[in-house]
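Over in TrEMBL, the protein carries these features:
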type	residues	note
TRANSMEM	131-151	transmembrane segment
TRANSMEM	188-208	transmembrane segment
TRANSMEM	220-237	transmembrane segment
TRANSMEM	286-305	transmembrane segment
DOMAIN	311-383	domain 'DUF1736'
TRANSMEM	372-391	transmembrane segment
TRANSMEM	403-424	transmembrane segment
TRANSMEM	430-449	transmembrane segment
TRANSMEM	458-476	transmembrane segment
REPEAT	499-532	repeat 'TPR'
REPEAT	533-566	repeat 'TPR'
REPEAT	601-634	repeat 'TPR'
REPEAT	703-736	repeat 'TPR'
Amino acid sequence: QICNQHNAEAPNLEQTFHRMAQTEPSLDHDVSWFLLPSHWAKTVVALISFLCFANSYDGDFVFDDSEAIINNKDLRAETPLGDLWHHDFWGSKLSSNTSHKSYRPLTVLTFRINYLFAGGFYPVGFHVINIILHCTISVLMVDVFSILLGGLQFSNKGRRLNLAPKTSLLAALLFAVHPVHTECVAGIVGRADLLCALFFLLSFLGYCKAFRENKEGHNFSIFWVLVSVILGAIAMLCKEQGITILGLNAVFDALVINKLNILELIQKLLHKDKSLENSGLLRKGLLFRITLLMSGGATILYIRWRIMGTGPPAFTEVDNPASFADSLFVRAINYNYYYSLNAWLLLCPWWLCFDWSMGCIPLIKSVSDWRIIALAALWFCLIALICQALCSEDSHKRRILTLGLGFLIIPFLPASNLFFRVGFVIAERVIYLPSIGYCILFTYGFSLLSKQAKKKKILAVAVLGILAINVVRCALRSSQWRSEEQLFRSALSVCPLNAKVHYNVGKNLADKGNQSAAINYYREAVRLNPKYVHAMNNLGNILKERNELQEAEELLSLAVQIQPDFAAAWMNLGIVQNSLRRFEEAEQSYWTAIKHRKKYPDCYYNLGRLYADLNRHIDALNAWRNATVLKPEHSLAWNNMIILLDNTGNLAQAEAVGREALELIPNDHSLMFSLANVLGKSQKYKESEALFLKAIKANPNAASYHGNLAVLYHRWGNLDLAKKHYEVSLKLDPMAPGTKENYNLLRRKLEQLQKKGG
């Protein structure tokens, strides 16, 4: 549908488009830069953006990837697709009190497709898609910047003209190689920002198409305005920032299509100037389009609000300490300091960190803090730019500066803490879209310098140098994102006061078996943040394994005192108390853990072990059965049930449980071994032998497997095979209990048989 509404006293928009190129100066006129055909410019941008991040293609799943992808059940085929629309980004129900309310079902859907095509959690496919998305976005930026910097102009055939080919190429290159984008591209969770940016740009380009000249000679197409709204909604379903494109489309319409002078308009509104009715604001087309955009945005937000629920997301003080400050002054001053740090990351993206929380940026609590200078510098620059954007007599300058500030500030608003509390201090990924505004302002500044400079080529070489440095920085930063060890260690020099950095380095070391080094990092994390319960829990676990039970109990007791609903710490405290033979306290700790986490199979497993130690066999079996109901693949719980039933002489029940377990976990060699033992005692030798051999094939270096198979052959009368497997068992473990005695008995029996035969 085409809208055919005109204001009789306003100039025809169609005529405005034709005059645009002639009435406004071109940024390219004084710029010494490469002039390439459109397809070559896009090819260059694509290749350079690929070069920046190509080395991340074979990286691991790191940091938040574990929760958003590996532990997210919404990626699995058995999870109904409909659940994606009721769960948050991390796979939790939106109605849950613990949900972060990050509603990004389309991003999760792409993860699910990645998982299905790869046949499992293989990170290469995930990384490749991220790289392709960034390259695609960078190519689209050539078109976007040509409109933002050169204006919107169409040929007689309806083809959009690029009136700023040099500066749009420069701005797109600046965007493509900005190191702050590394988190979005090299971190798989950054897919949300990439998809959001893709549909964000498509929405903008779609809105521009609404003004393409057509055969009927009408002013704008309602169809393309509605398409733009739909694409904005899709962007929001990828990440929350996407909704801001509707506001930016309205700003673009007012400034570029209708060429409003904002300062003049404000003055007329204040003075109730009668000429206001002739201004661009009252053109029916503009009001109608803005009404469509705002109505669409309000509808989208209402639907999202209904799906998400009315409750705000639950964050803790360590996530965003400024938002929990009692003083409004402290909150305001620290929010502004965070803004200045974000601006600095755009200007000088050298100090990058995967996480900026937990003491990385200490709170400003007094005006005597020297960091106030950063706030002053930020607002001095912003006010200067805003004054130029409003008051300059050059309409071209007003338009570019306003668009630059708009694209810098508006996409950042959801992360600004102004409307609601966010769960981070600084997050490099949220600067992906605002960097568009930075690139506009940088490029405009470069054009102004070029206009004044006598040696333009030197200036161009300097900008080329900046681009080259950024390419190298992107490649280096991408390599750090390839593994958790490199990523976490890279943060130690940037945020040495960040307890989470030390915690993650310690966790990575512990996962690799280096417990001694891990302990030091966990201790430092607790020193930096004495309420860091997760660090206390992990440190307590390591100390428990090293049999340093007293300190482990102290740490875990402190953790549950600080956070009484910390189920994992309650369970681990129960394990320590069990080891200290304080059985009643251990039982109480286990039940407290289960109270706070109803579906906790590992806790039921440990509770079963406690009951087994106390010879409460029925209670033990019930606890392990609960563990297997909650987690059918819980091999240890199945094994313990089989062994307990075997040891208490309930061979028929043990056999039934073993067969049930193997149906659920058919490739578990430990279950094969346990069931084989039961079958052997029941004199089902052939079936027992088959299971032993299958278990040995799966795990050929288990001495007990060979030893127990030898016992089976010994009972069965296959003495030569018994001798063979006794010898293999003793070779693998010379100290295996009972094996040497059984082997000696077999040898004596064989000697007796030889004597009788002789």
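The first residue you see is number 1, and the count goes up from there.
Placed from the backbone N, Cα and C atoms, the Cβ positions cover glycine too.
On a predicted model such as this, the values are computed, not experimentally measured, just so you know.
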Query raised in the report: the transmembrane segment (430-449) vs the transmembrane segment (220-237): three or more C-beta pairs under 8 Å (separation of 6 or more)?
Result: no
Query - Surrounding residues of the transmembrane segment (188-208) on its own chain - C-beta under 8 Å, 6+ positions past either end - result: 61, 63-65, 68-69, 89, 104, 106-107, 110-111, 123, 126-127, 129-130, 133-134, 136-137, 140-141, 143-144, 147, 152, 160, 224-225, 227-229, 231-232, 234-236, 238-239, 241-242, 244-246, 248-249, 252-253, 411, 429-430, 432-433
Report task. List the helix, strand and coil residue totals of the domain 'DUF1736' (311-383) as derived from DSSP. Result -> 36 helix, 0 strand, 37 coil
Query raised in the report: To what whole number does the mean pLDDT across the repeat 'TPR' (533-566) round?
Result: 95
Query raised in the report: Same-chain Cβ contacts of the transmembrane segment (286-305) under 8 Å, 6 or more residues past its ends?
Result: 3, 5, 103, 210, 220, 222, 225-226, 228-229, 232-233, 236, 243, 246-247, 249-250, 253-254, 257-258, 280
Query raised in the report: Against which stretches of its own chain does the repeat 'TPR' (703-736) lie, if we need a Cβ under 8 Å and a gap of at least six residues from its ends?
Result: 669, 673, 676-677, 680, 685, 688-689, 692-693, 695-696, 742-743, 746-747, 749-750, 753
Query raised in the report: Other than its close neighbours in sequence, what residues sit by the transmembrane segment (131-151), given a CB gap under 8 Å and a spacing of at least six beyond its ends?
Result: 20-21, 24, 26-28, 38, 41-42, 45-46, 49-50, 53-54, 56-57, 160, 162-165, 167-169, 171-172, 175-176, 181, 184-185, 191, 194-195, 197-198, 201-202, 204-205, 208, 252, 256, 399-400, 403-404, 407, 436, 439-440, 443-444
**Report entry** DSSP-derived helix, strand and coil totals, residue by residue, for the repeat 'TPR' (499-532)
**Finding:** 27 helix, 0 strand, 7 coil
